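Undergrad: One structure is given below, represented as structure tokens, and several questions about it will come after.
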Amino acid sequence: MSRVSQARNLGKYFLLIDNMLVVLGFFVVFPLISIRFVDQMGWAAVMVGIALGLRQFIQQGLGIFGGAIADRFGAKPMIVTGMLMRAAGFATMGIAHEPWLLWFSCLLSGLGGTLFDPPRSALVVKLIRPQQRGRFFSLLMMQDSAGAVIGALLGSWLLQYDFRLVCATGAVLFVLCAAFNAWLLPAWKLSTVRTPVREGMTRVMRDKRFVTYVLTLAGYYMLAVQVMLMLPIMVNDVAGAPSAVKWMYAIEACLSLTLLYPIARWSEKHFRLEHRLMAGLLIMSLSMMPVGMVSGLQQLFTLICLFYIGSIIAEPARETLSASLADARARGSYMGFSRLGLAIGGAIGYIGGGWLFDLGKSAHQPELPWMMLGIIGIFTFLALGWQFSQKRTARRLLERDA
């Protein structure tokens, strides 16, 4: 085995271990934020939505800067610093008794993610061969799902005692992850050239096809982020107990572990990436619309199952498309900018979703936010279809293994 192949194989194992620690640290805390502050402390959903949206927008919206800096200085210092900053954000969240302090903790958490997320994504593009990326992204998603349910179970158990224990556990996990990276991560360069920060950002902004694709995905993310805000609140309302939220993540884990990799392997042989992305988005949109009309937990979990199946189909295709469009001369900048759709869609999804949830509740129209989200998903589906049908983008966007 050549030294390059050996480095790639070792890099895969490193990425998987690192990803599991990050996912556990995140899901111990974040799925329970809406339960803690809306259900237990009686805050308006829009207040929590602002906090979650702020974290999302800062982490993903500023990702191009984090990626460009990582292109210049390397992945390791950015990743370690960002993870320590997120640990500080979680520690602050544990003592948040006023909205401004929750917002500040989410600000710290988001800034930390801005530093570590783009270089971690760029490492995947660097270490995984193009023809293997779709399957590796599927493995990461399976790991995400397993880590999500383990983290949510642990967080739900700790919440019975004290929310400060929840936040402390998340902070400790990110400190461990920072130490793991500081100790074992080599000083890898992300790009094929040592790209100046401004040049990497300029290269991305001039790539109109990539920019259009990323911004179009904002509608997709408006739906996807509801697993952190409105779906946990809905499960709690229908079940009457916060402990039921863990079953939502258990469903995701079971579906991902059993279906994600087989679906990815089968669909990559029979369907183009853009068709998989659009099919998954359509299923997610249609499953959202009836959520506000259900009154039983079984019906709600059935719709959540459909939503997760749509995500299982769409997400590996979306990740692979983003990676295939990245310029090797500025990988960090490209992967950072690819998060802008999540920044915009996530912020609108959290803040707008929280506002619509409160509005629907006060107007006795609980179906309002869910119908609106479904309609947004349909419009995004049509916008992606228009974009993929353009001859000027066909050669790049329809390339499965570029």
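Start at 1 and count along the chain as shown; that gives each residue its number.
Heads up, the Cβ atoms here are built off N, Cα and C, so glycines get one too.
The topological domain 'Cytoplasmic' annotation in Swiss-Prot covers 1-12, 117-138, 186-213, 265-276, 321-339, 389-402, and the record cites sequence analysis as its basis. The feature transmembrane segment is assigned by Swiss-Prot to 13-33, 99-116, 139-159, 165-185, 214-234, 244-264, 277-297, 300-320, 340-360, 368-388, with sequence analysis given as support. For 34-98, 160-164, 235-243, 361-367, the entry in Swiss-Prot reads topological domain 'Periplasmic', with the evidence type sequence analysis.
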Undergrad: When you scan the chain for residues with a C-beta under 8 Å from the transmembrane segment (340-360), skipping those not six or more beyond its ends, what do you find?
TA: 44-50, 52-54, 56-64, 214-226, 228-230, 233, 292, 366-369, 372-373
Undergrad: Of the stretches 139-159, 214-234, 244-264, 277-297, 300-320, which racks up the most C-beta pairs under 8 Å with the transmembrane segment (368-388)?
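TA: Stretch with the highest Cβ contact count: 277-297.
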Undergrad: Answer with yes or no whether the transmembrane segment (13-33) touches the transmembrane segment (139-159) by the criterion of at least three Cβ pairs under 8 A, sequence separation 6 or more.
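TA: Yes, the transmembrane segment (139-159) and the transmembrane segment (13-33) are in contact.
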Undergrad: Cβ under 8 Å, sequence separation of at least 6 from the ends of the transmembrane segment (99-116): give me the contacting residues as numbers and ranges.
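TA: Non-local partners: 22, 33, 37, 43, 47-48, 50-52, 54-60, 62-63, 65-66, 78-90, 92-93, 174.
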Undergrad: On the DSSP side of things, how many residues of the topological domain 'Periplasmic' (34-98) fall into helix, strand and coil, could you say?
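TA: DSSP composition of the topological domain 'Periplasmic' (34-98): 54 helix, 0 strand, 11 coil.
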Undergrad: For the topological domain 'Periplasmic' (235-243), find every same-chain residue at least 6 residues outside the stretch whose CB is under 8 Å from a CB in it, and list them.
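TA: Residues 32, 35, 39-40, 156, 159, 294-297, 300, 304 contact the topological domain 'Periplasmic' (235-243) from elsewhere in the chain.
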Undergrad: Short question: which residues 6 or more past the ends of the transmembrane segment (214-234) have a Cβ under 8 Å from it?
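TA: Tertiary neighbours of the transmembrane segment (214-234) are 30-35, 38-39, 45, 48-49, 52, 56, 245, 248, 252, 281, 284-285, 288, 291-292, 300, 304, 307, 311, 314, 318, 322, 337-338, 340-342, 344-346, 348-350, 352-354, 357, 369-370, 373, 376-377, 379-380, 383-384, 387.
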Undergrad: How does the topological domain 'Cytoplasmic' (117-138) divide up by DSSP, counting helix, then strand, then coil residues?
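TA: Split by secondary structure, the topological domain 'Cytoplasmic' (117-138) comes out as 20 helix, 0 strand, 2 coil.
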Undergrad: Can you say which of 13-33, 244-264, 277-297 has the most Cβ pairs under 8 Å with the transmembrane segment (165-185)?
TA: 13-33
